[in-house]
Structure formats: structure tokens, C-alpha cells
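Among the features that Swiss-Prot reports, transmembrane segment is placed at 7-27, 33-53, 71-91, 105-125. As annotated by Swiss-Prot, Na(+) binding site applies to GLY79, THR82, with the evidence given as sequence analysis.
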Amino acid sequence: MSFTTCLIVMVGGALGTLARYLVSVAAMPISRFIPWGTILPINALGSFVIGFFGTLTLADGRYPVSENMRLFVMIGLCGGYTTFSSFSLQTLDLIRNDAWGRASVNVAASVILCIGAVALGHITADGFNTGAIRIAQTATEEDA
């Protein structure tokens, strides 16, 4: 692990953290009873991005990128942006305030939406990859 790699992850994490803060502030009005601002725009979007980018940028994907770019986006940016630790604390706060129903909704919605978002990101990028492979195969066949 080089200093450059650490720097790449650190910068991505800083940008992801700043984005998380800005989105959290903007989502405060809708987060009065259940922390929807954390669930939807942060954890679900971050999960979609990591699934989409991770699939689209594989070596055999439509847009392969360097390992450093994957580290920047997937570990740095998404790691700083998504907030599982915040989700856990918010859920514990709901439980400590005897809001078990709201805590249960928070857990279920977070898990279901985030796993669904990763799957949707993967499926969407896989469609891009498959389309790129078909286009490349058609072009190769036409050249032959």
C-alpha cells in the first residue's frame, strides 16, 4: 500500500463525508420521526453507486478504470458518503427512547432499500456492459 493509494482513498473519503453532511442538512425537514434523510439519499444512493460503479468499471466492463479510481470511488467516496455507523446510532437512539416500531422500520427500510439499490446498480451497469459487448461484437463481425 503506497502513500499515493492512501491519499487517493483519503481524498475520496473527505469528499464523500462532505457530501453526506450536505445531504443530511438538506434532508432534516423530512427526518423528524424516522431518519429518511439517512436511509434514502445517503445509504440507498451510496449503495446504488457502489453497485453500479463497481460493475461498470470491472476489467471486462464497459468503462474499465484504474484500480486507484475504483479505490477513490468505492472505498473513499462511497465509504465516506454512506453512513452505517450513523444508521446504527440513530436506531439505538430510537430504541432507547422506546420507539421500537420506528426503530424496526428504520432497520427494515435501510436493509431492504440498500440491498435493492446495490442490486439495481449492478443490474443497470451489467446492462451497459452487455450492450457494450454486443456493440463491440457486431463491429468486429462487420469488419470481418
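Glycine too: its Cβ is placed from the backbone N, Cα and C atoms.
Keep in mind it's a predicted model, so treat the numbers as computed, not measured.
Remote same-chain partners of the transmembrane segment (7-27), defined as residues 6 or more beyond its termini with a Cβ less than 8 Å from a stretch Cβ, comprise 36-38, 40-42, 46, 68, 71-73, 75-83. For the recorded site, THR82 (Na(+) binding site), the DSSP three-state label reads coil.
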